[in-house]
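Comments concern the structure below.
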Amino acid sequence: MEGVDYLADERKKAQFDVDAMKIVWAGSRHAFEVSDRISKLVAGDPAFRKDDRTMLPRKELFKNTLRKAAYAWKRIIELRLSEEEASKLRFYVDEPAFTDLHWGMFVPAIKGQGTDEQQQKWLPLAYKMQIIGCYAQTELGHGSNVQGLETTATFDPKTDEFIIHSPTLTSSKWWPGGLGKVSTHAVVYARLITDGKDQGVHGFIVQLRNLEDHTPLPGITLGDIGTKFGNGAYNTMDNGVLRFDHVRIPRDHMLMRVSQVTREGKYMQSDVPRQLVYGTMVYVRQTIVADASCALSRAVCIATRYSAVRRQFGSQNGGPETQVIDYKTQQSRLFPLLASAYAFRFVGEWLNWLYTDVTQRLQASDFSTLPEVHACTAGLKSLTTSVTADGIEECRKLCGGHGYLCSSGLPELFAVYVPACTYEGDNIVLLLQVARFLMKTVSQLGNGKKPVGTIAYMGRVEHLMQCRSDAQNAVDWLKPSVVLEAFEARAARMSVACARNLSKFTNPEEGFAELSADLVEAAVAHCQLIVVSKFIEKLQQDIPGKGVKKQLEVLCGIYYLFLLHKYQGDFIATSCISPKQASLANDQLRALYSQVRPNAIALVDAFNYTDHYLGSILGRHDGNVYPKLYDAAWKDPLNESDIPDGYHEYIRPLLKQQLRAARL
């Protein structure tokens, strides 16, 4: 029935102020109000409908995305939306498009690496979308290893130009979003060659297409790389291939904020420190962590609501069957993901603060925190995206068979999200970077240099190497000091054990390669500690709203106790805790699941997602799942007729035993 809230009884069980939690989730009242207003604006506009996306052929799907992107820009101008509001509008349209790369990579690259003059020339054009840009770094042969890129930019002093060239097949740019069919310009990363000397990889602004008729410029070959994983999903994006055949660009098209080539062809560093580029990287990784919390919370919202609607087994005397959400096996898989969504939200907030802090330090030429910031952002990008990708798939399984339907929203959400494990740094490669930083930190512990920031706990390594947890009862695992000491001791001991094993190798690089699996585990332990400590720090703040802080404390407990249970091998093998203490932690975890259960629907309502944004029949706000699933089935193109195309050619001859005469 329309207008009936099938989840009303669940919502009445809430023991906290949901509206107050919405503000906590959004980050501030202002952020909530902007999100709420813009999400409703998008949801109420039929031009942004997306329920047919998985059924459209690729060309139609792509054209539909172009229409939406153009319409979104028109609405942004008509409504005079601020930069913040425009960004939210693109977010709630919820369709990967060329605009993501234009605003998310092309513009920040020019801001971060362009001189003041270059910014004055290019940014006004980009802000008005008179040019559309992409970020052409990854090649067919190299992704994570940026130093291995093969595209060349050779300076010609006779003409004061760079010659951009693709010398091999593997030097073809491959994957940049927006490149295939839309972008007019790209920031192209190429090996700078001056006077026969390779100066390493630098960025160049290159025009790709004619601004009048959109045809590729001479010497440029480009197109789309083909259909990707999933229905709809990331196939709305024109990920492209690009080759250069001795394409000439003016010298001032090299992004020269950090290093320059003079008219005479001399390569020199500018006064601006190289480290400034780290600012952009921290910003991009911070947005990826924030996106992880959004994607995971969407999947959790769908799975939680459907788990409350779905009933299976357990009927007593002909009464209703048991809600799936009441089974402990469902709770032990679902509630840690709910807790993780909140944990990632808060660590994302903290990364936002870190970005501001790093930017201010860089401007004051203070580079002291950079190695730690680099390791921390790399690790958190890796950890949150891996957990989120796996978590979305787990949510699909938690929805049983119906989760496999495109109308559940989960297959498309998964297909759109999984590339995050690879782009902006492969997740294992990033963890190895974190491990290098950890090994360097351990090696420097004796020299009086105090570790800072997220690695500060290493300064207490002597204590952490010998301390034993004093948890004696299950409730002791609710004490932040007990939890933090266990996570710090585990991380420190795993790092120190790796460092000791490394020291046995005469060749450190050989040792690093041999021990890389152990090093990745040590890096994960360090990153999990960061997320746990930032969640605990969040709870030390003043959080208004009836019962809000209590619910967050329960979620925080579930987050760290689930990790402690899942990785108890680490904790016990490093002697941080005893098997008995691990068992007590698990008892406490079960108790916390029971505390979350009555609040589960309210906790996902706090994400404040519209049905349009969720894009899921299973996750509908009103819980009216079955009639809507039934109606949706009839909208599939296959159901436009009772007799399928191909019946007369293939099915009838089969049934009538006339296959020999059929024209197959």
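Numbers run from 1 along the shown chain.
For all residues, glycine too, the Cβ spot is worked out from N, Cα and C.
Automatic prediction, not curation, is the source of TrEMBL annotations.
Per TrEMBL, active site, proton acceptor is recorded for Glu424. For Thr138, Gly177, the entry in TrEMBL reads FAD binding site. Feature annotation from TrEMBL assigns domain 'Acyl-coenzyme A oxidase N-terminal' to 17-132. Annotated domain 'Acyl-CoA oxidase/dehydrogenase middle' per TrEMBL: 134-236, in sequence order. Residues or ranges marked as domain 'Acyl-CoA oxidase C-alpha1' in TrEMBL: 278-439. Sequence annotations record features per position, and here TrEMBL assigns domain 'Acyl-CoA oxidase C-terminal' to 480-656.
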Using a 10 Å cut-off, grab the number of neighbouring Cβ atoms around the Cβ of Gly177 (FAD binding site), all chains included.
26
Quick one: pull the CA-CA distance for Thr138 (FAD binding site) versus the residue listed as 'active site, proton acceptor', whole Å only.
10
How far is it from Gly177 (FAD binding site) to Glu424 (active site, proton acceptor), counting Cα to Cα, in Å?
13
If you run through the domain 'Acyl-CoA oxidase/dehydrogenase middle' (134-236) with DSSP, how many residues end up as helix, strand and coil?
10 helix, 44 strand, 49 coil
In the predicted model, what is the mean pLDDT computed over the domain 'Acyl-CoA oxidase C-alpha1' (278-439)?
93
Residue distribution over DSSP helix, strand and coil in the domain 'Acyl-coenzyme A oxidase N-terminal' (17-132)
90 helix, 0 strand, 26 coil
